[in-house]
Structure formats: structure tokens, C-alpha cells
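Shown next, in C-alpha cells, is the structure this report addresses.
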Amino acid sequence: MVFKCNLFYFIVVIGLPLVSNIFFDTNYDINEIKLSDLDSEAFLDSFEALTKHGYTPEKHVVTTEDGYVLTHFRIPRKGPPVLLVHGITDSSDEWLVLGPNRSLSYQLADAGFDVWLFNSRGNRYSKEHIEQNIPKEKYWDFSLDEMGIRDLPPTIDYILNVTPYKKMFYIGFSQGTTIFHIMCSTIPNYNNKIKYAVLLAPVAWVSNIKIPLISVFSNNIQFISSLTVDSGLYDLLPFSSDKVYSRLNCYKRLSKQLCDLEAFLYFGLKNANYLPEDRAAVISSHSPAGLNAKIIIQYLQWHKSKRVQRFDHGETKNLEMYSTKDPPLYNISLTTTPVTIIASEIDWFGDIDDVKMLRQNLPNVRNFIMYNNSLEFSHLEFVYGSRVNSLVNRPILKILLKER
């Protein structure tokens with residue numbers, strides 16, 4: 001009975017996006033969908049989208065010390081470099097899907113910044129490895145630790161090597177803030193390579209995260225871990241070009257209700273009107289872009305332990321890897337880079353109390369912007385919302401132009 005209940009919870013909360021993909025995955029005939037309903041950008045990758053809008057993007061490849069091949073995109077300009085790091089389940093597309101009038105990457109480039117769009121291991125742009133035919137279980141054996149310690153540092157070094165600048169700006173959203181703190185607390189000298197960081201909807205402590213049934217999951221971590229391994233379900237939410245038509249249908253007809261429910265359950269979206277209707281098809285066709293089960297498990301571990309720590313492999317393997325039974329803590333106070341925090345009181349991921357804990361542990365917070373409940377500004381809206389220009393983009397541009 002316990003097994004059945006646990007499986008039910010797993011399917012309902014973590015499995016809903018999978019279910020919705022299947023629900024929408026019927027055979028679509030292009031002639032059955034009005035061409036006026038299709039935004040051509042739904043079919044474009046990051047490079048193609050930038051090209052369409054008249055920019056001259058570049059593709060750059062960084063290989064990590066453990067063999068993962070990361071593909072990043074650049075909008076070259078003569079100004080200082082700024083690295084934009086996406087959130088969980090996303091990719092560089094996150095910074096482009098709203099188009100030049102609303103997406104931050106375009107506006108930074110227009111302001112003269114040399115814009116770099118990061119892609120972490122495991123997402124649609126960074127799924128290659130130098131080991132050909134690497135077994136799935138080996139490829140997907142990474143956590144937030146590797147993203148922060150092995151993905152970010154070589155990317156930063158690469159950017160500083162190909163540009164004339166000694167320091168760069170950093171903008172992270174959600175998971176992009178998590179791995180920033182992991183890097184800075186583990187390899188503190190990288191604080192000296194970041195001139196200024198902006199943390200959007202930051203996620204470090206997750207003790208108060210508001211996702212439905214989170215406590216049920218965090219109390220059944222071993223079951224979830226075993227289930228994903230036994231079923232070979234390593235990439236929970238892979239990107240697939242075959243899903244584009246079905247995801248395009250997400251915000252049309254009756255299926256819109258299920259899409260809105262998904263946005264509410266996972267991100268606390270209060271009102272579907274807070275996402276720009278004219279870009280909904282583009283957003284939904286580019287996300288999700290990949291999600292390693294081990295990332296979810298690590299966040300669950302943090303929720304249960306109320307600690308920000310390395311991945312917990314169990315006592316035996318912890319002793320082997322860390323020389324301690326418990327995984328070591330990340331000392332967030334070692335993040336000495338000057339930062340601005342932009343957060344929201346109703347954010348389900350970056351809960352207000354958890355964000356305050358982060359603020360207390362960061363020694364160099366220059367600005368702290370917390371949007372109150374009345375704005376109903378949810379997690380998704382920091383990159384996908386119709387109000388990003390006034391609440392996110394303009395404050396960031398003002399800060400970076402001052403600091404440049």
C-alpha cells in the first residue's frame with residue numbers, strides 16, 4: 001500500500017510534465033493547424049532565433065575536465081562580457097523566447113554588453129561527451145555539484161581568455177544561482193573573476209519551498225532514486241523536436257487548462273495572463289530542455305536536511321568520497337562577489353524565508369529587491385513574464401551600466 005501511494009505521488013507531481021507531453025503527443029498534420037497560430041520561432045534553436053532577429057551569434061564549445069561537451073552561444077559586442085545562466089529544466093532558449101522587446105539577452109547586447117548564453121550538461125545543447133557511446137547511467141551520474149564545480153569554471157575561463165576583460169558579469173536564474181554559490185564556495189578565487197552578479201529568484205536553502213507534496217517526496221528520496229535507476233529514467237524531461245507541434249497546441253483549445261495547471265503546480269503561477277499570450281507557443285515549445293533526476297534528488301535532500309550540501313550518496317560512499325558520513329556543507333559566506341538579489345514574496349521555489357537566509361549569509365549584497373505579494377510575481381515570470389521589462393530587465397540594465 002505504501003509503495004502504491006508513493007508511486008502515485010511521484011506520478012502526480014514529478015510526472016505531470018511527462019503525462020502532459022504524452023497527452024499532447026498525438027499525430028499532428030501541419031495543415032490542420034492554422035498557420036497564423038504558429039510562431040516560426042517555436043521551431044528555432046538559440047542560434048537560429050538570434051539570426052532571425054538580425055543578430056550575429058556565435059557558437060562556442062567548452063569541454064569539461066570530466067569530458068562533457070558544453071555548447072554556449074554568444075552575441076558578440078565590444079563591451080564587458082556577461083554570462084546568463086538558465087534555471088532548472090531550461091537552456092539558453094530561456095533568455096531568447098520573448099524576443100528582442102522583452103528578453104534580457106537582446107537588451108543587454110543592444111546596450112553594448114558581450115552576451116554569453118550558458119548551457120549546462122544534460123540540456124538539449126550540451127548532451128555530448130568525449131567518450132563515444134558512454135552508457136546512459138554513467139553520463140547522467142552528475143548533480144548540482146558537477147554543474148557548479150566542473151561546468152561553470154571552465155566556461156568562465158574560456159570567456160575571459162577570448163575577450164580582453166579580466167572580469168565579467170554574471171546573471172543567474174533559479175538553478176543558475178545555486179550553481180553560482182557552489183562554484184564560489186568551493187573555488188573561492190572565482191569570486192575575483194566576477195565583477196558583479198545578479199541573482200534572480202535565487203535558490204540555495206530550500207527548507208520552505210512551496211511545491212505541492214514536497215515533504216512527501218523528501219521523505220521518500222531513496223524510493224524515488226531507486227525508481228529512476230531501476231526504470232532507466234535518468235532524463236526526466238528531455239527536449240524533443242517531435243514534441244513541438246504538440247506543445248504548440250498547449251495554449252490552444254481545451255488543452256490550455258492542463259498547461260495552466262502544470263504552470264501553477266510547479267511554479268505557483270497565479271494568473272495565466274501574467275505570461276505573454278503572443279509568446280506562449282514559443283515558450284512551451286522550448287521548455288523543458290532536459291532534467292536530470294539526480295538534480296531533483298539533491299534539492300529534495302536539501303529540503304529534508306535543511307542544509308546546502310554536496311550530494312548525499314549514503315554513509316558508505318560519503319566516507320569514500322568526502323571522508324565523512326554526512327556530505328560537506330557549502331559555505332555560502334565564501335561567495336564574496338558583490339551581488340544584487342531580485343526575489344518575490346510569493347515565489348514557490350525561492351521562498352521568502354529561504355531568500356532571507358541567503359541574504360544573511362552573503363557578505364556583499366549591494367541591492368536587495370523583494371517584490372511583495374500584491375504583484376503576484378511568480379517564479380516563471382522572472383524570465384517568461386509579461387512584466388519582465390519593468391520588474392527585471394530595467395533594474396538589471398541600470399545596475400550593470402553603473403558597474404561597467
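Note that Cβ sites are derived from N, Cα and C of the backbone, with glycine treated the same way.
In this structure, S174 (active site, nucleophile) belongs to neither helix nor strand by DSSP; it is coil. Every protein chain shown contributes to the tally, and the Cβ of S174 (active site, nucleophile) ends up with 26 other Cβ atoms within 10 Å. Here TrEMBL flags S174 as active site, nucleophile.
Summarising the environment of D347 (active site, charge relay system), the number of other Cβ atoms within 10 Å of its Cβ, over all protein chains shown, is 27. The feature active site, charge relay system is assigned by TrEMBL to D347 (among others).
According to TrEMBL, the active site, charge relay system annotation covers H379 (among others). When secondary structure is read from DSSP and collapsed to three states, H379 (active site, charge relay system) falls in the coil class.
Look at TrEMBL and you will find 80-380 tagged as domain 'AB hydrolase-1'.
TrEMBL lists 7-24 with the feature transmembrane segment.
The Cβ neighbour count for H379 (active site, charge relay system), using a 10 Å radius over every protein chain in view, is 28.
Comparing D347 (active site, charge relay system) with H379 (active site, charge relay system), their Cα atoms are 5 Å apart once rounded.
Across the fold, the C-alpha of S174 (active site, nucleophile) and the C-alpha of H379 (active site, charge relay system) stand 8 Å from each other.
DSSP assigns D347 (active site, charge relay system) to coil, not to a helix or a strand.
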